């Protein structure tokens, strides 16, 4: 394990997550999320029986990402409000641009420049990706390449909308308006998805494609996780004593596991496709997000204990999560085109796919993500305290 940790430290920098801006709690969830997504997209012949049992839950990885983004971005903005500094719009958007755009634009350029890189027969117009609007009206049957960018569109809209919303809510008296808005977003999303299922997506003949186009991909139907993450951030920033008293890890952890078990049970019961049915849209989406929120709350409080565990491989997977999300589908497609399912079968195929995915992600991170993140720190000059540093300070 020391050898593995040393190799990872050489790649990522300092060995302790707090030293390079990472916290093990969020990293555990981030690593789980990207592995779930990759399991969901793994070609069928390379799914051994063990992976095949996990694959039906892989689509939930995106909801885990949404909760994490809601918490991390929400906490970043709300700490400025709590300190009396308001919202630094320019600094926030510059930081997000350096984080998201470089790797995304490189992969997008490869999709349009190299036909063999594409994981689908057709791709949406370039301007739809550049404006982060490709998740609106997306029909995977027509333009099936780089459809995984839909969640990046949702997050980009979130980055633009949350800062002014935080500023407006900060002027309200008390937490009532913010809590009411959060509840309205979550309950409204459930109601909206129910209405679409019984309305525009009611035709059984076209429902799978209509479900994806009208329920699964659009921003306004996928705000549950982001809202729950922001509400958790607000509670921990403005009411830390209440969180410590009423939401200790010995309570939120088991409740999170119970909600996760309920999510799994519903997925098993609706094995024919809970991600594309009414139960999934109305119940499983918010339940999975609630489970993630509760587990994240527990893990944040357990950060000092997690720091003592040998979890360097988790840090590696979490660090590469964004690059993995961008490249895993086209890399799998190219490998399958060259070697075929006869070679890429069972555990051998799974190992080759994972090796290629991680190699490509590491290359993208090392050549693009890492340099631009360092440039971001130089441009902004005043890096904010990391989640890991703050959780350790709170526990001290």
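Backbone N, Cα and C define each Cβ position, glycine as well.
The domain 'Acyltransferase 3' feature in TrEMBL is assigned to 24-366. Per TrEMBL, the feature transmembrane segment maps to 57-78, 98-118, 174-195, 215-238, 250-271, 283-302, 309-327, 347-368.
Of the Cβ pairs linking the transmembrane segment (250-271) with the transmembrane segment (57-78) and spaced 6 or more residues apart, 3 or more are under 8 Å, so the two regions touch. Computed over the domain 'Acyltransferase 3' (24-366), the whole-number mean pLDDT of the model equals 94.
Sequence-distant neighbours of the transmembrane segment (57-78) (same chain, 6+ residues past either end, Cβ-Cβ under 8 Å): 26, 29-30, 32-41, 87, 92, 151, 154-155, 158-159, 162-163, 166, 222, 224-234, 236-238, 263-264, 267, 275, 284-285, 288-289, 292-293, 296, 384, 387. Counting Cβ pairs under 8 Å to the transmembrane segment (174-195), the top-ranked stretch among 215-238, 283-302, 309-327, 347-368 is 215-238.
Most Cβ pairs within less than 8 Å of the transmembrane segment (309-327), among stretches 98-118, 215-238, 283-302, belong to 98-118. Remark: the transmembrane segment (283-302) makes no contact with the transmembrane segment (347-368), by the rule of 3 or more CB pairs under 8 A.
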